[in-house]
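J.: After the structure tokens below, expect a handful of questions from me.
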Amino acid sequence: MDNAHHGTDHELLAQLAHQAFARCQEAAANTEIPGQITRTFCSPAIAQLHQQLIGWMQSLGMTCRVDGAGNLWGKLASHPRPDAPSLIIGSHLDTVPNGGRYDGLLGVILGLALAEVVVRRRATLPFALEVVGFSEEEGVRFGTPFIGSLAVVGQCDDALLQRTDANGLTVRSALQLFGCHPDEMNSAALQPARVIAYLEPHIEQGPVLQSAQLPLGVVTSIAGQTRAIAEFCGVAGHAGTVPMQLRRDALAAAAEWILAVERIGQSTAGLVATVGAIEVSPGAGNVIPGAARAKLDVRHAEDSIRSTAVTQLRELGNEIAARRNTSFELSIVHEHRAAPMNDAIAALIEQSLADTGIAPLRLVSGAGHDAAVMARRFPTGMLFIRCQDGISHHPDETVTTDDITAALSTLWFFVQRLTSRQVNP
Ligand SMILES: [Zn+2]
């Protein structure tokens, strides 16, 4: 690779980072609901965004396609061999209702900025560079996330295609109306030999980088998650007439258990444990609660630590219930395993952060990402970008151009390091 222009890299990177920042603002205009940023799977807003991105891709000489699952791909064939495997950079294009400008989209726009660095530097890479904009990650329209990336790893099955949205429309018909051919879903799947690595730049959606005063971090793992409902049942009664020692107060039992959830979260490194909702019945100020249902969320980078915590919480619930003469039941609603990122890719990202002059902070992603799905089939890594106050899924999401410059610089070093690894393995 030609490194002769190295001295002027920073100027180019800063210029392209400003362009990337401006593009994030421009792309925000693609929305289903004026005044918000709302883009759901296969909506006209996504179609408009595709047109905008295709314009930017084509101006770099990239070849564009939309696959059977509605994912947008742009390929920069910087290598003369048409069957050269790809480094894929990207993220998702959909948003939560009234979301932000950067969640998902920034990863795609940064992929384009990186492609532009390659073009402007006239770099010849030993691989193709592909930018992907996944069709669906947030799970808003069909109540299930990752439709786009699941298709790419060959796991978008019939059951998923048959799911319906609020209007009774299936995933399959939504794709057809979008102009896709869901029967070619299998063609959306990429063979492992086609992919050198998938790298997802994404805003952190948390406050860790900001509190460490670092613009970027390398993700080592995407946490596994257990969601469960804890139910305590006692006996409802009159708040004035039932003496304290004769009560079987379900909410008081639940309250004791909720504090145990917090305690276990606090006393286990890397564990997060939350009760985010509670329902009490009968639910009146002058009635002793007869039943309390609490919604539990537990996450950790290591599945064994998460399941130990859940077992502990089950035992504590039983113990509290026995002491307070209530019943206790913990029902698991949803569970998914942790997705460790590829060690070699994480190491390359760390080195590229150091090249950029940034201390390589390692962190676990508490939120799910397409990278968790892609990691099932391809060597996968994630680069986190600081967002102000950890705010995301909200119009106030904020990322600075300086941090985008740092991210682009890290991606560019990553490409150069990956190139020398391919050339001199
Ligand atoms: Zn996201």
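If you go along the chain as it appears here, the first residue is 1 and each next one adds 1.
Backbone N, Cα and C define each Cβ position, glycine as well.
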J.: H92, D103 show up in TrEMBL as binding Zn(2+) 1; which entry in H10, H18, H181, H202 does that record put in the same site?
T.: H202
J.: Look at the allantoate binding annotation in TrEMBL, where R227, N286 are given, and name the residue from R293, R299 listed for that site too.
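T.: That allantoate site, as TrEMBL gives it, pairs R227, N286 with R299.
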J.: Around the Zn(2+) 2 site recorded as D103, E138, H393, what other same-chain residues have a C-beta within 8 angstroms of the site's C-beta center?
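T.: What remains near the Cβ centre is T95, V96, G99, G100, G104, E137, Q205, S392.
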J.: Could you tell me which of these binding-site residues, R227, R299, has the fewest other Cβ atoms within 10 Å of its Cβ?
T.: R227
J.: Please list residues from the chain of D103 (Zn(2+) 1 binding site) whose Cβ is under 8 angstroms from its Cβ, counting only those at least six apart in sequence.
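T.: Result: T95, V96, H202, I203, Q205, S392, H393, E397.
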J.: With E138 (Zn(2+) 2 binding site) as the reference Cα, tell me which of the binding-site residues H92, R227, N286, R299 is the closest one.
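T.: Nearest listed residue in space: H92.
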J.: Can you tell me which of D103, R227, N286, R299, our binding-site residues, come within under 6 Å of ligand 1 at the Cβ?
T.: D103
J.: Taking only the residues in the domain 'Peptidase M20 dimerisation' (228-320), give me the average pLDDT of this model.
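T.: Averaging the confidence scores along the domain 'Peptidase M20 dimerisation' (228-320) gives 98.
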